[in-house]
Amino acid sequence: MTAADWRRTLNPQEQREVRELVGAATEFDAVAPVGEQVLRELGHDRTEHLLIRGSVSGGAADAVVGYLNLTPPRDAQPQMAELVVHPRARRRGIGSALARAALAKTGAANRFWAHGTLEPARATAAALGLSPVRELMQMRRSLRDLPDSVPAVPGVRIRTYAGPADDAELLRVNNAAFAYHPEQGGWTDVELAERRAEPWFDPAGLFLAFGDDDSDRPGRLLGFHWTKVHLDQPGLGEVYVVGVDPCAQGRGLGQALTAVGIEWLARRLGAGDSAADPTVMLYVEADNVAAVRTYQRLGFTTYSVDTAYAVPPAAN
């Protein structure tokens with residue numbers, strides 16, 4: 001096993017190896033070990049990359065067996081680390097070595113995502129003295145037997161994304177709705193452009209709600225629902241982002257937008273086909289009680305939980 005090697009950039013071969021590593025872990029654990037943003041960052045120098053090379057049992061003698069991605073500090077938010085170890089290179093201390101290297105680099109100020117909160121991640125966190133500081137719930141429901149009608153919101157019209165002319169308002173509402181959020185807040189044209197470039201992006205699945213009853217700012221954007229169809233998982237759609245302008249909250253707009261998007265996903269994924277069994281998923285902060293209750297009313301139940309771990313403040 002090689003020593004941990006920090007990089008600002010990865011060459012194309014290393015990027016392929018990391019993607020193969022993530023794919024192997026996803027297949028073995030039935031949950032992706034890192035978020036989609038980590039994969040998006042592989043070709044950029046905006047985050048730091050940590051590689052460990054070694055042998056894979058029954059396979060290559062010099063492969064990337066461990067990888068960690070570390071975000072830079074941003075707006076007083078702690079740095080976030082996400083890591084993965086090859087299934088056939090586990091129980092060698094690779095995960096602990098990656099985590100210790102990140103803690104040493106940040107002065108123990110970073111957090112670690114444990115996607116799916118699997119037992120090996122819990123054990124590693126406990127061994128390193130880390131405690132849960134954040135939980136992100138994945139909720140799911142069948143796209144069959146949806147409510148017959150979408151709740152209407154007076155004075156609001158909903159249409160789909162019409163192109164870059166909508167971007168300024170979309171960014172305004174997103175950043176107002178998620179001002180507190182470490183991943184979703186603070187978006188710029190760069191974040192929008194990257195997501196439009198994703199193969200799953202479909203403007204017909206991005207719904208915008210405009211207000212028609214505001215005399216000062218007629219037609220302003222009040223909220224949006226961005227859906228996603230998982231091309232690598234047939235039959236799976238996602239409530240990717242639902243954002244409502246804080247000035248428009250309390251009107252049922254979030255529930256209405258969610259319902260509109262879910263209906264579209266049901267049609268898109270063939271819920272009317274007796275042979276199909278499509279599902280919709282979403283992520284929500286576990287402590288966002290209002291949002292969790294809204295999704296429960298729409299028929300969602302908890303599927304899995306991602307946990308962020310960190311050194312307890314008293315020990316930091």
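Cβ from N, Cα, C; glycine included.
Keep in mind it's a predicted model, so treat the numbers as computed, not measured.
As written in Swiss-Prot, here are the features:
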type    : residues                                                      : note
BINDING : Leu83, Val84, Val85, Arg91, Arg92, Gly93, Ile94, Gly95, Ser96 : acetyl-CoA 1 binding site
BINDING : 242-244, 249-255, 288-293                                     : acetyl-CoA 2 binding site
DOMAIN  : 16-153                                                        : domain 'N-acetyltransferase 1'
DOMAIN  : 156-316                                                       : domain 'N-acetyltransferase 2'
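Sequence features, as recorded in Swiss-Prot, placed on the structure.
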residue : record                    : contacts (Cβ under 8 Å, 6+ apart)
Leu83   : acetyl-CoA 1 binding site : Pro33, Val34, Leu50, Gly66, Tyr67, Leu68, Asn69, Gly95, Leu98, Ala99, Ala102, Phe112
Val242  : acetyl-CoA 2 binding site : Gly223, Phe224, His225, Trp226, Gly254, Leu257, Thr258, Gly261
Val244  : acetyl-CoA 2 binding site : Val173, Ala177, Leu222, Gly223, Leu253, Gly254, Leu257
Gly250  : acetyl-CoA 2 binding site : none
Gly252  : acetyl-CoA 2 binding site : Pro151, Val153
Asn288  : acetyl-CoA 2 binding site : none
Val292  : acetyl-CoA 2 binding site : Met137, Met139, Val284, Ala286
Would you count the other C-beta atoms found within 10 angstroms of the C-beta of Ile94 (acetyl-CoA 1 binding site) for me?
22
Rounded to an integer, what is the Cα-Cα distance in Å between Arg92 (acetyl-CoA 1 binding site) and Ala290 (acetyl-CoA 2 binding site)?
43
How many Å lie between the Cα of Ile94 (acetyl-CoA 1 binding site) and the Cα of Ala290 (acetyl-CoA 2 binding site)?
39
Please list, in sequence order, every residue of the chain apart from Leu83, Val84, Val85, Arg91, Arg92, Gly93, Ile94, Gly95, Ser96 whose Cβ lies within 8 Å of the Cβ centroid of the acetyl-CoA 1 site.
Val65, Gly66, Ala89, Arg90, Ala97, Leu98, Thr124
Please list, for the domain 'N-acetyltransferase 1' (16-153), how many residues fall into helix, strand and coil according to DSSP.
45 helix, 39 strand, 54 coil
Distance [Cα-Cα, Å, rounded] between Ala290 (acetyl-CoA 2 binding site) and Val85 (acetyl-CoA 1 binding site):
36
CB contacts for Gly254 (acetyl-CoA 2 binding site) [other CB atoms within 10 A, all chains]:
23
